[in-house]
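Each remark here refers to the structure printed beneath this line.
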Amino acid sequence: MKRLVLILLLFAAPVWAVQPDEMLDDPVLEDRARELSKGLRCLVCRNESIDESNASLARDLRLLVRERLVAGDSDEEAVEYIVDRYGEYVLLNPTATGANWLLWGAGPLMLLLAGGVGFIYLRGRSTAKAPTEAPLSADEQARLDDILQQ
Amino acid sequence: MITELGHFALILAFLVAIVQMVVPLIGAQKRWHSWMAVAEPAAGAQFALTALAFGALMWAFIVSDFSLRLVWLNSHSAKPMLYKISGTWGNHEGSMLLWVLIVTLFGAMAAWFGGNLPPTLRARVLAVQSAIAVAFFAFIIFTSNPFLRLETPPFDGQDLNPLLQDPGLAFHPPFLYLGYVGLSMAFSFAVAALIEGRVDAAWGRWVRPWTLAAWVFLTIGIALGSWWAYYELGWGGFWFWDPVENASFMPWLLAAALLHSAIVVEKREALKSWTILLAILAFGFSLIGTFIVRSGLLTSVHAFANDPERGIWILMIMAFFMGGALVLFTLRAGAMEAKGVFGLVSRESALVVNNLLLAVSCFVVFVGTMWPLVAEMFFDRKLSVGPPFFNAAFTPFMVALGLILPVGSVLPWKRARLMRAIKPLRYVFVLAIAVGGLAYAMQSGRSMIGPIGMFLGAWLVMGVIVELAQRTGRGADRLGRLMRLPRADWGKAVAHSGLGVTMAGVAGLTAWTVDDIRVAQIDQPWTVGSYELMLTDVQEIRGPNYLSTMGVLTLSQDGQEIAQLKPEKRFYPVAQMPTTEAAIDYDLKRDVYVVIGDQQTGGGWTIRTYIKPLTNWIWIGSALMALGGLLSLSDRRFRVAAGATRRRAAAVPAE
C-alpha cells in the first residue's frame, strides 16, 4: 500500500509533461494537439490531464492524439477515437449526454429554483407590514433597568 | 515521558469536553447559574490540555523521537527544523490533533471574550462547541492516536513527503484549519440560537466576527495553498479543481455568503432562518472537506489518509451534527419571523442576490466534485469531471457576482431607486468597458476570458473608489471624512477591490499565458514572447536532505539582462521522490516561470518556459481580501460591547 501511494505520488509530481521530441513541426496542429490534451485525463494519475502528466501512459496518449491529427482527423474525431478505446473516463469535460444533463443542469436549475424562492421572499418582504415592537421580557427589562441605573 | 504526559492530557481534555458538553446545556435549560458557569473554566482547561498534548507531540517531532510511530513514519533526523515542526501536522493523526486544538481554541476564545452574551446563550454555544470537540477527541483517541509507541525504536525515520517540505505549505494547513474550524463557531451559535428559539439583531452581531475571522483564515489558507501549487508542482497552474481544493473552496464560498447575510440579520432583522441554515451548511462543508481528504473516497494529490474505516467515523460525525442541526432547524425555523420590511430594489435584495450566487456556485462545485461518485453508483458510468467543466459551469456565477457587486454596494437600505443609485457609477462603468475593450483589441486570440476579467477588475476597483468618494459627501474636509469612515467600511472597500484584483489576475493568467518547450543547449539563446533566455550552466548540488540538478539561465529583454534564474530538479533519497523547483522571476506585470527537465541523449536539457501575465494579482487580491476582513474585524462596533462588559465587571464591587 505504502509503495503504491509512493508510485501514485510520483505520477502526481510531473517533472515533465510534453517532451520536445513529441511536438509536431506544424505549429497549428501542435496547438490543436495541446488544446485537446488539456481535456483528456491521464488514466493512471489523479485528476491530471495528459498535457500535464509525465506518466508513460500519458505520453502514449499524447502521441496518439498527434498521430490522429496528422492522419487528418478533426478534433472531434480524434477525441472520439480515444474515447472509443479508453472509455468515457478519459474525458475531463464530461459530455452532456444521458444522466450528465443533471450535472450540467444542476447550476442553472438550482439558480432558477433559488431565484424563484428568493423572489417570492423579497416580494413578501416588500409588501409586509412592519411588525409592532415586541414588549421586553421580564429578564430584559431587569437588565435594561440595571444598565440605565449605572 | 513527555509523550505520555501529552497522551494523558489528551484523554483528560476528552473528559473535560464531555463535562462541558452536558453540564452547561442542562444548566441553561433549568436556569441553574452554577451549572452554566461550568462552561467557562472548562473551555479554558480543555484548550490548555489539548495545547499540552499538541506541544508534547511537537516536541517528539523536534527531538526526532522515533520510538513514536507517527514520528518514525513522517520525519527524518536530517530534515530542516522548520519541516520537523511542520511535520507535526503534515500527517493524518497530527493534523487531526491540530484540528481539535483549534476547536478548543475557539471555544476558549468564546468563553474569554463572550462576556457580552446572555448567559444562557453563552452556555449553550460552549456546550455545542464542546460536543464537536468530544466527537473529534473520540475519533483521535480511538482510531488515530498520535501517541502510539513502537516497541523497538528504529534508527531513523521515513521522511515527510518532499512536496510538503516547503515554507508555503508548512503554514497552509494551520490557516486552513483555523478557517474550517472557525466555522464551527458559527455553527455553535446557530445551534445554540435554535435551542434558545431566538435570533435577533444582536445574534447577527455576535456571530459575524467569528465568521469573518474564519473567512479571513480560509482566504489566507487557500491562497497559500494555491501559491504553493503554483511554484512547487512545476506546471504553473494555480488551481486544479482537485476534490481537495474544492473541499476548501466550498466552505469559503458559503462563509462569504454567511458574512453578507449576517449583515442583513444585524441591520434589518431579516433573512434569519436562511442565515442559520447557512451557518449550519458552512460548517457541514468543512466536515465534508475533512471527510474527503481523509476517506480516500475521492483520491487526490493531497489525500494523506486513505483509510475507509476513518472515513466512516468522520461520516458518522458529520451525519450526527448535520442531521441533528437540520432536524432542529426544521423544528424551530418557523419561529424566526423576519421583522425588516424592504423594497424589491434595496441593499437587502442585493445581498440576497449575492447569497444566491455564492450558494448556487458552491452547489455547482459540490455537484461537480461528487458527480463521478454518483454517476458510478447510480448510472453505472465511470467518468471524470475536470477543470473544463468547472471553468464552464462555475465562472458565469463569478462574472455575475462581479457585475452586480458595485451596484449592490451603493444601493441604500430599505427602499432604493435603482437609476438614482447607480447614476454615480455610470462613468466608471463606461471606463471599465473601455478597459475590457482595450484588452480585447490588444490580444491576438479570440478568447473572451481576458477582456471580461479586465472589465470586472476595473469595474470592481473603480466602483469601490466611487463608493468611497460618495461616502465623503461634498464640500471641505472630504479627506478627513474619508479617514474617519468606520473600519468596517474600509474593510468592505479593501476586500471588494481585492476580489476585483484577483478576478483580473485569474483572467490574465488563464487567457494570456505563453509557453515554450525546447531542448536548450548551453550558451545558445532563444526567445519566448518578448524575452530572451539562455542556459549558461547546469550544476549538481547537494542540499541538506536532497540532491539537486540546477540550471543557471539568464533572462533578458531588449538586450538588457533582467534576472538570473536557477530552476532545480531535486531528488529526495530517503523518500525516493523527485520534485521540481521552478525558478520564477516575479513581476507585477508578468511572471517568467522556468522549469528544468532531463538531460537529452543528443546533448542539451529540456527547458519549459512560461510567461504568465498578472499572476501575482491573484495573490495580491487574496491578501487584500484578507486584509479587508481584518480591517472589518477591528471595527469599533465589535469592540464596544467588550468594553462595556469590562466596565460593568468593574462596577460590581462598588454597588
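Any Cβ shown, glycine's included, is placed from N, Cα and C.
In TrEMBL, annotation is done automatically, which means it is predicted and not curated.
From a predicted model like this one, the values you see are computed outputs, not experimental measurements.
The annotation domain 'Cytochrome c assembly protein' is assigned in TrEMBL to B:89-296.
Across the residues of the domain 'Cytochrome c-type biogenesis protein CcmF C-terminal' (B:315-636), the predicted structure has a mean pLDDT of 90. Annotation comment: TrEMBL describes B:315-636 as domain 'Cytochrome c-type biogenesis protein CcmF C-terminal'.
Within the chain, the transmembrane segment (B:6-26) has long-range Cβ neighbours (under 8 A, six or more residues past its boundaries) at 32, 35-36, 38-39, 42-43, 45-46, 49-50, 52-57, 59-60, 97, 104, 107, 123-124, 126-127, 130-131, 133-134, 137-138, 140-141, 145, 147. The transmembrane segment feature in TrEMBL is assigned to B:6-26 (among others).
Beyond its flanks by at least six residues, the transmembrane segment (B:47-72) meets 2-3, 5-7, 9-10, 12-13, 16, 81, 84-85, 87-88, 91, 93-94, 97-98, 100-101, 104-105, 107-108, 146-150, 153-158 of its own chain at Cβ-Cβ distances under 8 Å. Among the features that TrEMBL reports, transmembrane segment is placed at B:47-72 (among others).
TrEMBL lists B:96-113 (among others) with the feature transmembrane segment.
What TrEMBL records for B:125-144 (among others) is transmembrane segment. Counting only same-chain residues 6+ beyond the ends of the transmembrane segment (B:125-144), those with a CB under 8 A from a CB of the stretch are 10-11, 13-14, 17-18, 20-25, 28, 39-40, 42-43, 46, 92-93, 96-97, 99-100, 103-104, 106-107, 110-111, 114, 117, 184-185, 187-189, 191-192, 305, 309-310, 313-314, 317, 320-321.
For the transmembrane segment (B:175-195), the residues of the chain that approach it from at least six positions outside its boundaries are 28, 89, 95, 98-99, 102-103, 106, 110, 121, 124-129, 132, 203, 206-207, 210-211, 213-222, 224-225, 248, 251-252, 255, 258, 275-276, 279-280, 282-283, 286, 289-290, 321, 324-325, 328-329, 331-332, judged by C-beta separation under 8 angstroms. Among the features that TrEMBL reports, transmembrane segment is placed at B:175-195 (among others).
Look at TrEMBL and you will find B:207-229 (among others) tagged as transmembrane segment.
According to TrEMBL, the feature transmembrane segment maps to B:312-331 (among others).
What TrEMBL lists as transmembrane segment is B:352-374 (among others). Same-chain residues lying 6+ beyond the ends of the transmembrane segment (B:352-374) with a Cβ under 8 Å from its Cβ atoms: 241, 243, 246-247, 249-250, 253-254, 256-257, 260-261, 264, 271, 274, 278, 285, 292, 297-298, 382-385, 389-390, 393-394, 397-398, 400-401, 404-405, 408.
Here TrEMBL flags B:394-413 (among others) as transmembrane segment.
What TrEMBL lists as transmembrane segment is B:425-442 (among others). With a threshold of 8 Å between CB atoms, the same-chain residues lying at least 6 positions outside the transmembrane segment (B:425-442) that come near it are 406-407, 410, 448, 450-459, 462-463, 465-466.
Summarising the annotation, TrEMBL assigns transmembrane segment to B:490-512 (among others). Outside the transmembrane segment (B:490-512), and at least 6 residues removed from its termini, the chain residues within Cβ reach (under 8 Å) are 238, 398, 402, 405-406, 409, 443, 445, 447, 449-450, 452-454, 456-461, 463-464, 467-468, 612-633, 635.
Residues annotated as transmembrane segment in TrEMBL: B:614-633 (among others). Here the transmembrane segment (B:614-633) has Cβ contacts under 8 Å with residues 209, 212-213, 215-216, 219-220, 222-223, 226-227, 230, 238, 457, 487-488, 490-509, 512, 586-591 of the same chain, all six or more residues outside its ends.
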Cβ contacts under 8 Å made by the transmembrane segment (B:312-331) with residues that lie 6+ beyond its boundaries:
131-132, 135-136, 139, 143, 187, 190-191, 194-195, 273, 276-277, 280, 283-284, 287-288, 290-291, 294-295
